[in-house]
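Structure, as structure tokens:
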Amino acid sequence: MIKVGVLGARGRVGVEVCKAVEAASDLELVAALDKDDSIEGLAGAEVVVDFTHPDVVMGNLRWAIGHGIHPVVGTTGFDAARLDTVRGWLADSPGTGALIAPNFGIAAVLMMHFAQQAARYFESVEIVELHHPNKADAPSGTARRTAELVAEARAKAGAGAMPDATSTALDGARGADVDGVRVHAVRLAGLIAHQEVLLGGDGETLTIRHDTMSRAAFTPGVLLGVRRVRELPGLTVGLEALLDL
Ligand SMILES: NC(=O)C1=CN([C@@H]2O[C@H](COP(=O)(O)OP(=O)(O)OC[C@H]3O[C@@H](n4cnc5c(N)ncnc54)[C@H](OP(=O)(O)O)[C@@H]3O)[C@@H](O)[C@H]2O)C=CC1
Ligand SMILES: O=C(O)C1=N[C@H](C(=O)O)C[C@H](O)C1
């Protein structure tokens, strides 16, 4: 049995993660903590799942890694500097592994992978992410990561800058620039999490779309991470590393 703690246990995703851990015969939920609970309640856990908030996740990670507890992190808001900081903490705690994934949905990971594969064949790539209006960060972690993967694929293929004649625009009209890829964030009541990657070339376009219909969609990926993270010392970024794509 793997002893699992959950941070953000009363949140939208945390509730689903707790249910999934409790339903798994090889996992034991030993701590289900939320905002006002002491993190010391994680003592005894081997793996901690974090679905909290970008403002608190670094403190949680520091504590968990410092106590040799392997984190599986869904919370977003990670940039290169934050990831480097986590790598530093892991270096001081040999044998501890951490998995940080901007999206634990298998279909979402495939959408990112397909976008990365397609990127080098098109002159233009833009990303539109659409989420529920209670989301703290924009653009989403998934969109940011997709843009990084697309930019990396284009750079590797020697692709130049994308065509764009815009010479006058209202602030934000062209979205955020992530490594040269434009990312547009929509916040709309009624939505959960959705993304379109738009690719355009000479006389044709390709749209790769992903829709999250239920937050239970994240739990198989989270459980995969929980089962594997202890075998992966150091930092692993993205669930794709565990999917043999
Ligand atoms: N990687 C992935 O696949 C996915 C990632 N996410 C990300 O996960 C994060 C959480 O999303 P979501 O569940 O929708 O958010 P919610 O706001 O519904 O849940 C977060 C929970 O964490 C609680 N919390 C805040 N601070 C702490 C703390 N220090 N310790 C423990 N709990 C705390 C919140 O309490 P309170 O409400 O009182 O502040 C809340 O109950 C976001 O960053 C989101 O982008 C979401 C879906 C999938
Ligand atoms: O906040 C959310 O809801 C989600 N957050 C993640 C992100 O920022 O990419 C994953 C998914 O999009 C849902």
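Positions of Cβ are set from backbone N, Cα and C atoms, glycine also.
The feature domain 'Dihydrodipicolinate reductase N-terminal' is assigned by TrEMBL to 2-104. Averaged over the domain 'Dihydrodipicolinate reductase N-terminal' (2-104), the predicted model has a pLDDT of 97.
Among the features that TrEMBL reports, NAD(+) binding site is placed at Gly8, Ala9, Arg10, Gly11, Arg12, Val13, Asp34, Gly74, Thr75, Thr76, Ala101, Pro102, Asn103, Phe104. Under the DSSP three-state reduction, Arg12 (NAD(+) binding site) is assigned to helix. Listed in sequence order, Asn134, Arg215 are the same-chain residues six or more apart from Arg12 (NAD(+) binding site) with CB atoms under 8 A from its CB.
In sequence order, Arg10 constitute the residues six or more apart from Lys35 (NADP(+) binding site) in its chain with CB-CB distances below 8 Å. If you look up TrEMBL, you'll see Lys35 marked as NADP(+) binding site.
Residues or ranges marked as domain 'Dihydrodipicolinate reductase C-terminal' in TrEMBL: 108-242.
Reduced to three states, the DSSP call for His131 (active site, proton donor/acceptor) is strand. According to TrEMBL, the active site, proton donor/acceptor annotation covers His131.
Proximity of Thr142 ((S)-2,3,4,5-tetrahydrodipicolinate binding site) to non-local residues of its own chain (separation of 6 or more, Cβ distance below 8 Å) is seen for Thr76, Pro102, Asn103, Ala108, Met112, Glu129, Ala193, Gln195, given in sequence order. Residues or ranges marked as (S)-2,3,4,5-tetrahydrodipicolinate binding site in TrEMBL: His132, Gly141, Thr142.
For Lys135 (active site, proton donor), the same-chain residues lying six or more positions away in sequence with a CB closer than 8 A to its CB are Arg187. Feature annotation from TrEMBL assigns active site, proton donor to Lys135.
With DSSP classes pooled into helix, strand and coil, the tally for the domain 'Dihydrodipicolinate reductase N-terminal' (2-104) is 38 helix, 25 strand, 40 coil.
A separation of roughly 15 Å, to the nearest angstrom, links the Cα atoms of Thr75 (NAD(+) binding site) and His131 (active site, proton donor/acceptor). Between the two most distant C-alpha atoms of the annotated NAD(+) binders (Gly8, Ala9, Arg10, Gly11, Arg12, Val13, Asp34, Gly74, Thr75, Thr76, Ala101, Pro102, Asn103, Phe104) there are 21 Å. Sequence-distant contacts of Gly141 ((S)-2,3,4,5-tetrahydrodipicolinate binding site), defined as residues of its own chain at least six apart whose C-beta falls under 8 angstroms from its C-beta, comprise Thr76, Gly77, Phe78, Pro102, Asn103.
The Cβ of Gly8 (NAD(+) binding site) has 25 other Cβ atoms within 10 Å, all protein chains considered.
For the pair Gly8 (NAD(+) binding site) and His132 ((S)-2,3,4,5-tetrahydrodipicolinate binding site), the Cα-Cα distance reads 18 Å.
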